[in-house]
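S.K.: Next up is a structure, given as structure tokens.
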Amino acid sequence: MKWLLLLGLLALSECIVHKVPLVRKKSLRKNLIEKGLLQDYLKTHTPNPATKYFPKETFATVSTESLENYLDAEYFGTISIGTPPQDFTVIFDTGSSNLWVPSTYCSSLACALHKRFNPEDSSTYQGTSETLSITYGTGSMTGILGYDTVKVGSIEDTNQIFGLSKTEPGLTFLFAPFDGILGLAYPSISSSDATPVFDNMWNEGLVSQDLFSVYLSSDDEKGSLVMFGGIDSSYYTGSLNWVPVSYEGYWQITMDSVSINGETIACADSCQAIVDTGTSLLTGPTSAISNIQSYIGASKNLLGENVISCSAIDSLPDIVFTINGIQYPLPASAYILKEDDDCTSGLEGMNVDTYTGELWILGDVFIRQYFTVFDRANNQLGLAAAV
């Protein structure tokens with residue numbers, strides 16, 4: 001009888017996980033390469049992962065996320081806004097907290113080439129006088145805030161605040177394979193104090209657990225998911241290892257060390273790391289990343305990519321990240337990105353001056369290997385080997 005009850009509870013827990021499929025598409029970088037525009041783009045837009053995380057203390061109501069940092073984003077999902085629903089392709093980004101999409105208020109070419117939310121076509125839209133601005137490159141995305149029904153998978157939130165863009169200058173969005181961004185970080189870093197989507201889901205009782213989880217498939221097109229309100233154990237092996245969040249803004253944790261072949265190569269006295277679905281690559285201090293690139297034989301090409309011979313993958317060592325006493329090895333098949341006959345390093349350097357010392361960003365390169373649970377109720381991350 002007890003076993004029947006347990007099985008019933010397990011079945012119930014699976015039923016209340018709201019799964020949102022993600023599709024893997026060509027990144028903005030790949031689109032620009034195909035059109036022969038990447039070199040021109042990089043002359044005026046310099047991707048710097050650090051700018052996504054540290055200018056926010058300077059601006060109380062203006063978000064200063066550098067949108068060039070979505071240059072390599074590949075995983076996208078569909079949401080709808082309004083009544084009747086208007087569909088948008090977005091990045092589910094654990095490294096930011098705002099939801100915004102292009103709108104009919106925007107007349108720039110970048111907006112014209114993407115889906116635009118039309119508030120006049122929604123019977124449930126409520127406007128505000130509040131503004132939103134996100135700076136990037138040579139200009140900024142400016143917009144206004146409004147409320148409407150937002151549907152994410154099977155979850156319908158009837159009172160969600162979001163940004164409607166009015167200007168989107170430059171090439172950053174012209175060829176972007178997404179319309180907007182849905183932030184899943186903590187509300188403390190939300191621009192204009194806008195309540196993040198997941199916080200609203202929980203506050204309104206739309207999910208049964210105050211957590212969400214992410215599975216990123218290595219499949220070229222399908223299989224990836226964001227799961228709201230629960231955990232599906234069929235997407236990982238072994239047990240989840242829990243890591244306390246060290247800063248309740250980003251999904252930031254303390255990492256013990258980074259090693260190769262048993263030798264510590266970085267983060268010798270522990271360091272901070274941010275687990276970020278909105279960052280495609282694995283990012284660390286420039287000196288440490290440069291040493292790793294040299295070790296694995298990667299060298300920059302004319303487009304600034306760190307290329308490597310595909311034949312070397314089988315002979316390269318694991319990069320081991322030790323977190324909360326548990327080792328998380330990253331094999332070369334994970335940190336070397338292969339497309340057709342070309343191979344590039346999935347590692348990227350950045351310099352950040354923080355009071356906590358060196359900082360690493362564990363992006364999609366890491367998350368593809370490790371199923372990740374973002375547990376807001378207990379302010380912790382769960383990690384387990386992905387299937």
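Cβ atoms are placed via backbone N, Cα and C, with glycine included.
Feature list, courtesy of Swiss-Prot:
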- 1-15: signal peptide (SIGNAL)
- 75-384: domain 'Peptidase A1' (DOMAIN)
- Asp93: active site (ACT_SITE)
- Cys106-Cys111: disulfide bond (DISULFID)
- Ser129: phosphoserine (MOD_RES)
- Cys267-Cys271: disulfide bond (DISULFID)
- Asp276: active site (ACT_SITE)
- Cys310-Cys343: disulfide bond (DISULFID)
S.K.: So what pLDDT does the domain 'Peptidase A1' (75-384) average out to?
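M.R.: For the domain 'Peptidase A1' (75-384), the model's average pLDDT rounds to 91.
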S.K.: Nearest to Cys310 (disulfide bond) in three-dimensional space, by Cα, is which of the recorded positions Cys106, Cys111, Ser129, Cys271, Asp276?
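M.R.: So, of the listed recorded positions, the one sitting closest to Cys310 (disulfide bond) is Asp276.
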S.K.: Looking at the recorded positions Asp93, Cys106, Cys111, Cys343, whose Cα is closest in space to that of Cys271 (disulfide bond)?
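M.R.: Nearest candidate: Asp93.
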S.K.: If you measure from the Cα of Ser129 (phosphoserine), which of the disulfide-bonded residues Cys106, Cys111, Cys267 is the nearest?
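M.R.: Given the candidates Cys106, Cys111, Cys267, the nearest one is Cys106.
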S.K.: Starting from each candidate's C-beta and looking 10 angstroms out, tell me which of the active-site residues Asp93, Asp276 has the most other C-beta atoms.
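M.R.: Per the Cβ count, the most surrounded site is Asp276.
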S.K.: Give the distance between the Cα atoms of Cys267 (disulfide bond) and Cys343 (disulfide bond), rounded to the nearest whole Å.
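M.R.: So the Cα of Cys343 (disulfide bond) lies 27 Å away from that of Cys267 (disulfide bond).
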S.K.: Around Cys106 (disulfide bond), how many other CB atoms lie within 10 A of its CB?
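M.R.: I count 23 other Cβ atoms within 10 Å of it.
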S.K.: According to DSSP, folded down to helix, strand and coil, what is Cys267 (disulfide bond)?
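M.R.: Cys267 (disulfide bond) sits in coil per DSSP, no helix or strand.
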S.K.: Starting from the Cα of Asp276 (active site), work out which of the recorded positions (Asp93, Cys106, Cys111, Cys343) are within 10 Å.
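M.R.: Candidates kept after distance check: Asp93.
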